[in-house]
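One structure is given here, and the rest of the page talks about it.
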Amino acid sequence: MPVAVGPYGQSQPSCFDRVKMGFVMGCAVGMAAGALFGPFSCLRIGMRGRELMGGIGKTMMQSGGTFGPFMAIGMGIRC
């Protein structure tokens with residue numbers, strides 16, 4: 001498939017670049033969602049102090065790691 005050229009000689013990002021960008025955006029959105037919802041779930045079960053911070057970080061990584069591949073697959077379908 002030929003690469004499209006923009007109006008000023010700029011080429012479009014490749015399919016792999018789009019998939020990477022989707023993965024990074026999905027991880028960022030998932031981690032932000034984990035930062036918003038993580039404290040509520042951790043406080044609800046009674047975590048405090050260092051355990052609370054670890055639980056929030058774990059929730060952020062889990063939600064980012066879950067949403068990132070879905071966004072990457074979505075961007076791959078659009079290629």
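Any Cβ shown, glycine's included, is placed from N, Cα and C.
So that you can see what the record holds, here are the features copied from Swiss-Prot:
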REGION    42-60  region 'Sufficient for antibacterial activity'
TRANSMEM  22-44  transmembrane segment
>> Averaging the per-residue pLDDT over the region 'Sufficient for antibacterial activity' (42-60), what integer do you get?
In response: 92
>> With helix taken as DSSP H, G or I, strand as E or B and everything else coil, how many residues of the region 'Sufficient for antibacterial activity' (42-60) land in each class?
In response: 15 helix, 0 strand, 4 coil
